[in-house]
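A single structure is presented below for examination.
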Amino acid sequence: MTEKKYIVALDQGTTSSRAVVMDHDANIVSVSQREFEQIYPKPGWVEHDPMEIWASQSSTLVEVLAKADISSDQIAAIGITNQRETAIVWERETGKPIYNAIVWQCRRTADICEQLKRDGLEDYIRDNTGLVVDPYFSGTKVKWILDHVEGSRERAKRGELLFGTVDTWLIWKMTQGRVHVTDYTNASRTMLFNIHDLDWDDKMLDVLDIPRAMLPQVRKSSEVYGQTNIGGKGGTRIPIAGIAGDQQAALFGQLCVKEGMAKNTYGTGCFMLMNTGEKAVKSENGLLTTIACGPSGEVNYALEGAVFMAGASIQWLRDEMKLISDAFDSEYFATKVKDTNGVYVVPAFTGLGAPYWDPYARGAIFGLTRGVNSNHIIRATLESIAYQTRDVLEAMQADSGIRLHALRVDGGAVANNFLMQFQSDILGTRVERPEVREVTALGAAYLAGLAVGYWQNLDELQEKAVIEREFRPGIETTERNYRYSGWKKAVKRAMAWEEHDK
C-alpha cells in the first residue's frame with residue numbers, strides 16, 4: 001500500500017478557491033489558486049455562480065496534485081474550509097442551483113432583518129443562535145431565494161431542493177450527491193441553528209418559513225463524512241475528514257484550543273475570535289457568540305468580533321487616494337514620521353462592525369492641521385486597524401472576564417512589522433506571528449489529519465507550531481491610554497453620519 005504522505009486542504013474563499021498540500025511536519029508542499037467572478041446585480045447585492053465555485057475549487061485540487069507530482073493514493077485525507085454564511089439552494093435530483101449563491105457581504109435582506117426586529121425577535125435570535133440580526137447570516141438569504149424563485153418553497157417542502165453553505169455544496173459535488181452535511185461551525189453562522197441544543201431551531205425555521213427537509217445533517221468538525229475520487233492520478237477514494245468555516249479554521253490552525261486563547265486575522269476586514277471553552281458566553285458588548293473547534297473537533301464556543309475595514313483601508317490609500325503604489329509601501333511611509341501628528345483616520349466606509357454595529361457611520365479624518373502630510377495619513381490609516389482590534393478585544397475581555405496574554409495573528413497584513421508592533425503597543429499585549437501564514441488551510445488540514453490518525457493528537461501539532469516573531473509592547477500605559485482615548489473620540493464623531501442626510 002502506498003504511504004499516505006500528505007493532507008490536502010481546500011480553502012474556498014470569497015474571491016478565490018485554493019488547494020494546499022501539506023506534509024507531516026505541516027510544511028506547505030504545493031499551492032494552487034483560481035479566482036472567480038464577483039457578481040453585483042444591484043448596489044449592495046453580491047452573488048457568486050455556485051457552478052463556478054465548484055469548477056474553480058475542483059480544478060485547483062487536480063492542479064495542486066499535478067504540480068507536485070503527487071498521486072491521490074498518497075493523500076491521507078481532505079479538509080475543507082470556506083467563506084461562511086454564503087447561501088446556496090440546489091435541486092437534489094440534478095445538482096443544479098436554482099439561483100446564484102447569495103454571498104455573506106450581500107445586503108439585499110436588510111428589509112427582512114428590519115421586520116425580524118419589529119417582530120421583537122432580536123433577543124430570541126441572540127440568545128439561541130448567538131448572532132445579531134443582520135443580512136450577513138444565511139437564514140434571511142435562504143428565505144429570499146424561496147420567496148423569489150417561483151414554486152421553490154413547495155419543492156423544498158417535498159424534499160426536492162437542498163440548502164447548504166459552501167462547505168455543504170462542495171461535499172455534495174465531491175461525493176456525487178451522496179453526502180449532504182455541514183459542521184457545527186458553519187451551521188452556527190446560519191441564524192437557523194440553536195448553538196445550545198446543537199440542532200436546527202424550529203422557531204427560526206418557522207419564522208423564516210424554511211422547510212427542515214432542505215437542511216443538511218450537522219456533524220463534528222473532525223470526522224470522515226464521505227469519500228471522493230476526484231483529482232490526480234490513480235483515482236483512489238480519499239476521505240473528506242475535516243470541515244470548518246474560515247475563521248474557526250484559522251483559530252484551530254493557530255492552535256487556540258484552550259479557553260482564553262485568541263487570534264486575529266487581518267484580511268480585507270479583521271476577524272478576531274477568542275475560544276471560551278465549553279461555555280457559550282453571551283455578549284453584552286456587540287460581539288457574536290459562535291461555535292469553535294475543541295481539541296478533537298468537538299464543540300467549543302468562541303466570541304467573535306468583525307472589523308469591516310482592515311486591508312481594505314490600505315487598498316483605499318493605494319487605489320482611490322493614490323498615496324502609495326503598493327500595499328507593502330505603507331510600512332515604509334508610516335515609519336518616515338515619528339507619529340501621526342494628531343491625526344486619526346476612521347475607515348468606516350461601509351459603517352462600523354463590532355462592537356459598534358453602526359451602519360450609518362462613515363469614514364472620516366480628524367485632527368488635520370497645516371503640518372500634516374501624506375505620511376501622517378498613511379500612518380494613521382495603519383493605526384486605525386490596530387485601534388479597531390483593541391475595540392474588539394476590550395469587548396471580549398468585558399464579556400468573558402478573561403485577560404488576554406498573547407494575541408496570535410495571521411492574514412496578509414501581518415507582514416507589516418510597523419502594524420504588528422503598533423498592535424502590541426496599543427493592546428499592551430504580546431503579538432505572536434507564526435512561521436506558517438496559511439493558518440486557515442492549516443486548520444482544515446489539522447482537523448482532517450486528526451480524524452484519520454495522520455496526526456495523533458494536539459501535542460504533536462504543538463511541536464510543529466513555530467512562532468516566527470513575537471512583538472512586545474514598547475510604550476507606557478499613560479501614552480497608550482492617551483492615544484486610545486483620541487481614537488474613541490474620533491469614532492464617536494464618525495458615527496450616525498448618514499442619518500443626518502436622510
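All positions are counted from 1 along the displayed chain.
Note: Cβ is positioned from N, Cα and C throughout, glycine not excepted.
According to Swiss-Prot, the protein has these features:
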BINDING   THR14, ARG84, GLU85, TYR136, ASP246  sn-glycerol 3-phosphate binding site
BINDING   THR14, ARG18, THR268, GLY311, GLY412, ASN416  ADP binding site
BINDING   THR14, THR15, SER16, THR268, GLY311, GLN315, GLY412  ATP binding site
BINDING   ARG84, GLU85, TYR136, ASP246, GLN247  glycerol binding site
In Å, how long is the longest CA to CA span across THR14, ARG84, GLU85, TYR136, ASP246, which the record gives as the sn-glycerol 3-phosphate binders?
15
Expressed to the nearest Å, what is the distance separating ASN416 (ADP binding site) and GLN315 (ATP binding site) at their Cα atoms?
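Pair distance, Cα basis, whole Å: 14 Å.
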With every protein chain in view, what's the tally of Cβ atoms within 10 Å of the Cβ of TYR136 (sn-glycerol 3-phosphate binding site), excluding that atom itself?
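There are 22 of them.
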For THR14 (sn-glycerol 3-phosphate binding site), which of the binding-site residues GLN247, THR268, GLY311, GLN315, GLY412 has the nearest Cα in space?
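That would be THR268, the closest of GLN247, THR268, GLY311, GLN315, GLY412 to THR14 (sn-glycerol 3-phosphate binding site).
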Looking at the binding-site residues ARG84, ASP246, THR268, GLY412, which ones sit with their CA no more than 10 Å from the CA of GLN315 (ATP binding site)?
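Passing the 10 Å Cα cut: THR268.
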Where does ARG18 (ADP binding site) sit by DSSP, helix, strand or coil?
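SS state of ARG18 (ADP binding site) = strand.
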Please tell me which one of the binding-site residues listed here (SER16, ARG18, GLN247, GLY311, GLY412) sits closest to ARG84 (sn-glycerol 3-phosphate binding site), measuring Cα to Cα?
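It is GLN247, whose Cα lies nearest.
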Counting across all protein chains present, how many other Cβ atoms fall within 10 Å of the Cβ of GLY311 (ADP binding site)?
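Its Cβ shell of radius 10 Å holds 18 other Cβ atoms.
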Taking the Cβ of ARG84 (sn-glycerol 3-phosphate binding site) as the centre, how many other Cβ atoms fall within a 10 Å radius?
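Here the count is 26.
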Let's check the environment of SER16 (ATP binding site): how many other CB atoms sit within 10 Å of its CB?
14
